[in-house]
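Colleague: Starting off with a structure, shown below.
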Ligand SMILES: C[S@@+](CC[C@H](N)C(=O)[O-])C[C@H]1O[C@@H](n2cnc3c(N)ncnc32)[C@H](O)[C@@H]1O
């Protein structure tokens, strides 16, 4: 049986869109991280005249989301793309001549990636250590481990994984790869379990959690895409529109927080979340994976500053 799929902070996200759009508005949503289509399902259900531009960089996930949303087929426009590459030209190519009004990014990977993708996201499986979400993902996780120089590995593990055992882990990796290159996820996970003494294991989590997260971020260049994506999507957003971003990692959240704050300082954007919205206790009990989620929301009130590029959709200035 498929595990239950939770759409993180679905109630908060719907409430914010409800506060900004009427139920009968023909809202054009853009879901930049379709996943299983859970959030888009909520939008299509709640706003019966809405449409959703449904994007994911992983073709497998986009297909899964489309299958989940099959009953709304006429109101869904699927596009396989990295959200950092979405612009007016790309939307035009798919027959979309308007700018989106409601944008959502729900960052990271899905439960499917962890347990069923066979790409080495899970510690327990002897799967190939790949971790690429799409073909534009650069080297595989195994290539990073087997080929990257010491300093780069240290930077990745300390910065993206905040792993205090990074030095010892990197030294052991360098020794081991000389004779026996890494190829499977469980192989790496077992090695890390041996390096970090049991008393320092994070409570309730596998000791390799931080290293796996760091590798995934590097392989998919996740932080760079968040930075570019937030900028380009805010440029695209229609006046009066709202962008919501859920992040799960402190570095990701810092990027979103700083960008939203900088935009809000300019005339043309309003920050709707001075502090991030966190999942309720009820939600974290039901879905522990939502524990680290942070939701930030920005509304576009006027045309963007030239600094952020030219606008390619015709928009009417608000009074
Ligand atoms: C947490 S899941 C989204 C779950 C979804 N909101 C739902 O309710 O089913 C994140 C998804 O974003 C996709 N993703 C991650 N980074 C991306 C990027 N830069 N561009 C497009 N999709 C991305 C992943 O492939 C994954 O399917």
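Placed from the backbone N, Cα and C atoms, the Cβ positions cover glycine too.
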Colleague: Would you mind telling me which of 258-277, 278-297 TrEMBL tags as region 'Disordered'?
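Modeller: Based on what TrEMBL states, region 'Disordered' spans 278-297.
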Colleague: Using only what TrEMBL says about S-adenosyl-L-methionine binding by 37, 38, 39, 56, 83, 113, identify which of 74, 106 is listed for that site too.
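Modeller: For S-adenosyl-L-methionine, TrEMBL names 37, 38, 39, 56, 83, 113; of 74, 106, the listed one is 106.
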Colleague: Minimum Cβ neighbour count within 10 Å among the binding-site residues 56, 106: which residue?
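Modeller: Counting other Cβ atoms within 10 Å of each of the binding-site residues 56, 106, the minimum falls on 106.
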Colleague: Would you mind ranking the binding-site residues 37, 38 by how many other Cβ atoms sit within 10 Å of each Cβ and giving me the lowest?
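Modeller: If we count Cβ atoms within 10 Å for the binding-site residues 37, 38, the smallest count is at 38.
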Colleague: Ranking the binding-site residues 39, 113 by other Cβ atoms within 10 Å, which is at the bottom?
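Modeller: Among the binding-site residues 39, 113, the sparsest Cβ neighbourhood within 10 Å belongs to 113.
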Colleague: If one looks at the chain holding residue 83 (S-adenosyl-L-methionine binding site), which residues at least 6 apart in sequence have a CB under 8 angstroms from its CB?
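Modeller: Residues satisfying the criterion: 32, 33, 55, 57, 105, 225, 229, 233.
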Colleague: Which state, by DSSP, holds residue 56 (S-adenosyl-L-methionine binding site): helix, strand or coil?
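Modeller: Where residue 56 (S-adenosyl-L-methionine binding site) sits, the three-state DSSP reduction gives strand.
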